[in-house]
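Trainee: Dropping the structure in here first, questions after.
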Amino acid sequence: MSFMAAAKVFACPFVFVALFSLVASDPDLLQDLCVANKAAGIKVNGFPCKDEANVTEADFFYSGLANPGVINNAVGSVATGANVEKISGLNTLGVSLARIDYAPGGLNPPHTHPRATEIIFVLDGELDVGFITTSNKLISKSVKKGDVFVFPRGLVHFQKNNGDKSASVIAGFNSQLPGTQSIAATLFTSTPAVPDNVLTKTFQIGTKEVDKIKNKLAPKKT
């Protein structure tokens, strides 16, 4: 093998690592801070920066996770985000939080976060949690107050409160806006709708069953 050929082989893993680092999480910031200017009307990957002269401590503060969220849905859970949409100062920092509260028997239905790994810390109660790998293996565990559990980026996961008391967790993400796709809601309540023949063939059910599921999952009219 020539020197040039050996150099190319040796360099390949480093090129791969460098490329992977560009997409593994939110981009690195290039200045001390870039507080989101949500009124700019400019579409970028994230938000443009507010003039630093107009930045205040309020851009880095949020008290919305202090108290349990109000649960008024059929699944019995509610998530309160503390991401760049709530804390402008998180723009370009690549982190965010959420608080998830569960009624007795409540479920955070199977969902994914396409842009982030999630790590939860149990504040109160007990939960059965798990995620499914791309080889269709379920990794699950019962967790209680003080425990920590991790859900890898992009994998379908859930949390279920099987107890008779309320439960709560704080979730951390390595993205300023991790995104959430609930599997059932994504497939059955999208706009425009996923064609019925796709759903019937996928789940091996009839159109009547599809309609029933859509009606149950449809957002409640106020």
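Here the Cβ of each residue, glycine as well, is placed from N, Cα and C on the backbone.
Note that TrEMBL annotation is computational and uncurated.
Sharing the features that TrEMBL gives for it:
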BINDING   N108, H113, E118  oxalate binding site
BINDING   H111, H113, E118, H157  Mn(2+) binding site
DISULFID  C34-C49  disulfide bond
DOMAIN    63-211  domain 'Cupin type-1'
SIGNAL    1-25  signal peptide
Trainee: Within 8 Å of the Cβ centre of N108, H113, E118, which other residues of the chain have their Cβ, at the recorded oxalate site?
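Mentor: Near the oxalate site, the remaining chain residues are A98, H111, T112, I120, F151, H157, A171, F173, P178, T180.
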Trainee: Applying the rule Cβ within 8 Å of the centroid of the Cβ atoms of H111, H113, E118, H157, what extra residues of the same chain belong around the Mn(2+) site?
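Mentor: Here the non-site neighbours turn out to be T112, F131, F151, L155, V156, P178, T180.
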Trainee: A 10 Å Cβ contact count, applied to the binding-site residues H111, H113, H157: which residue has the minimum?
Mentor: H111
Trainee: Measuring CA to CA, name the entry from the binding-site residues N108, H111, H113 that ends up nearest C49 (disulfide bond).
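Mentor: Going through N108, H111, H113 one by one, the closest to C49 (disulfide bond) is H113.
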Trainee: Looking at the domain 'Cupin type-1' (63-211) alone, can you tell me the average pLDDT?
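Mentor: Summing pLDDT over the domain 'Cupin type-1' (63-211) and dividing by its length gives 97.
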Trainee: Quick one: pull the CA-CA distance for N108 (oxalate binding site) versus H157 (Mn(2+) binding site), whole Å only.
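Mentor: Cα of N108 (oxalate binding site) to Cα of H157 (Mn(2+) binding site) measures 9 Å after rounding.
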Trainee: Compute the C-alpha separation of C34 (disulfide bond) from H111 (Mn(2+) binding site), stating it in Å without decimals.
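Mentor: Rounded to a whole number, the Cα-Cα distance is 30 Å.
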